[in-house]
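> Can you read through this structure? Questions will come right after.
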Amino acid sequence: MLSLTNKRILLGITGGIAAYKCAELTRLFSKAGAEVRVAMTKAATEFITPLTMQALSGNRVSLDLLDTDAEAAMGHIELARWADLVIIAPATADFIARVSHGQADDILTTLVLATAAPIAIAPAMNQAMWSDSGTQENLSALSDRGYHIFGPASGEQACGDVGPGRMLEPQQLLQHCGNLFDVGRFASLRLLITGGPTREAIDPVRFISNHSSGKMAFALAQEAAAAGAQVTLVSGPVNLATPDSVSRIDVESAEDMLDAVMGNISGTNVFIGVAAVADYRPKQLAHEKIKKDDEGLTLSLIKNPDIISEVAKLSKGPFTVGFAAETNSIIENGKQKLLSKKLDLLFANNATQSFNSDSISLTAITSENEFEIATANKNVVAQEILKLISERINSKSAE
Ligand code: C5P
């Protein structure tokens, strides 16, 4: 059964050429069992008629804040309260700018400001407008406020340009909206994830680090966000794009990572430590480049903080999930880490097989048992991991 059954979706349409796709989107929402109400800006009505949207949604379309008839049928505040989800598709650069500044100067911006429901936007605009730093700043402000940003896709544009800015297809938007209500309780959960390596400076040009591409952490962040979680990803230096709707904090050293984690841990429901944190750092940081005058060089190292153990120690802390990349006695070492770090769940793997790879196999280890997650693409494995976490949080909170 699709997770949109009986969900109340408020579809806001702004004035872009992709507005014509809203007819199909409304049809798909209805087919999935959702009830749809539509609000349109004046510009949107130039691209698709309110009559079309009324016929497809089966409900009167809201067009104007000051329309007494419409307000008598369902006022804008009532409509904002009615929704389980507000999706603005297409969302123009102008709409994104106005809403990011908290304006309420038309029916759509007002609804968005007044609703307590999750808000998703599907940007659609010319590729240069999309890449403009003003648009990107506005989007990152919305993302920080918990808005779900779906797309855009890249490709040919109505204006003849090629690049990012195409609205996602209705079928993809349907899937993203369904995901917001999927995977049990993720829609109202906050996840904090660490990923990538850390770098421990020796001098201004050298560092100690671990192998880690960050792909597993980024896949988890992407899948958790798609399942409706509010995700913060604290990442060491990696070469990966930030997944949609994920708020990312870049760090270098283990100490920076600990600061970022502790600064964001409050209110976190699930912490997942995927980062390959360097266990040691140079005792002294040389402020000038070390000259290679001698035949040998001895570095004195001191232990780094164990970030995940610090999180697991917190009273009323989050459900804490660790990873263990091992080269030998994988399950034994994994179990040992689960217990010594006081984790709720741990995923162990063979370190040498997964570096920089797009696929991985893992053994899930709890205090009671362990089982295998077969080799698959890291996004597929991430979905399995999230399913397990969701089941275990649910059974933990039912105890
Ligand atoms: O490096 P180790 O095998 O101990 O990593 C096991 C788990 O502990 C992983 O989840 C890793 O992210 C976390 N860890 C950490 N801080 C460290 C070392 C490891 O959070 N200093």
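Glycine is treated like the rest: Cβ placed from N, Cα and C.
As annotated in TrEMBL:
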type	residues	note
ACT_SITE	Cys159	active site, proton donor
BINDING	Asp279, Lys289, Pro305, Asp306, Ile307, Ile308, Phe323, Lys337, Lys341	CTP binding site
DOMAIN	7-176	domain 'Flavoprotein'
DOMAIN	189-391	domain 'DNA/pantothenate metabolism flavoprotein C-terminal'
REGION	1-190	region 'Phosphopantothenoylcysteine decarboxylase'
REGION	191-399	region 'Phosphopantothenate--cysteine ligase'
> Using a 6 Å cut-off on Cβ distance, which of the recorded positions Cys159, Ile307, Phe323 come close to any atom of ligand 1?
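Result: Ile307, Phe323.
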> Have a look around Ile307 (CTP binding site) and count the other CB atoms within 10 A of its CB, chains all included.
25
> Could you give the maximum C-alpha to C-alpha distance in Å for the residues Asp279, Lys289, Pro305, Asp306, Ile307, Ile308, Phe323, Lys337, Lys341 that bind CTP per the record?
37
> With H, G and I counted as helix, E and B as strand and the rest as coil, say where DSSP puts Pro305 (CTP binding site).
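Its secondary structure by DSSP: coil.
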> How long is the line from the C-alpha of Ile307 (CTP binding site) to the C-alpha of the residue listed as 'active site, proton donor', rounded to the nearest angstrom?
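Ile307 (CTP binding site) to the residue listed as 'active site, proton donor', Cα-Cα distance: 50 Å.
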> To the nearest whole angstrom, what is the C-alpha distance linking the residue listed as 'active site, proton donor' and Asp279 (CTP binding site)?
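For the residue listed as 'active site, proton donor' versus Asp279 (CTP binding site), the Cα atoms are 53 Å apart.
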> Can you check how the pLDDT averages out over the region 'Phosphopantothenate--cysteine ligase' (191-399)?
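Residues in the region 'Phosphopantothenate--cysteine ligase' (191-399) carry a mean pLDDT of 92 in this prediction.
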> What residues, ordered by sequence, lie under 8 A Cβ-to-Cβ from Lys341 (CTP binding site) and sit at least six positions away in the same chain?
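Looking at Cβ-Cβ distances below 8 Å from Lys341 (CTP binding site), excluding near sequence neighbours, one finds Asp306, Ile308, Ser309, Ala312, Gly322.
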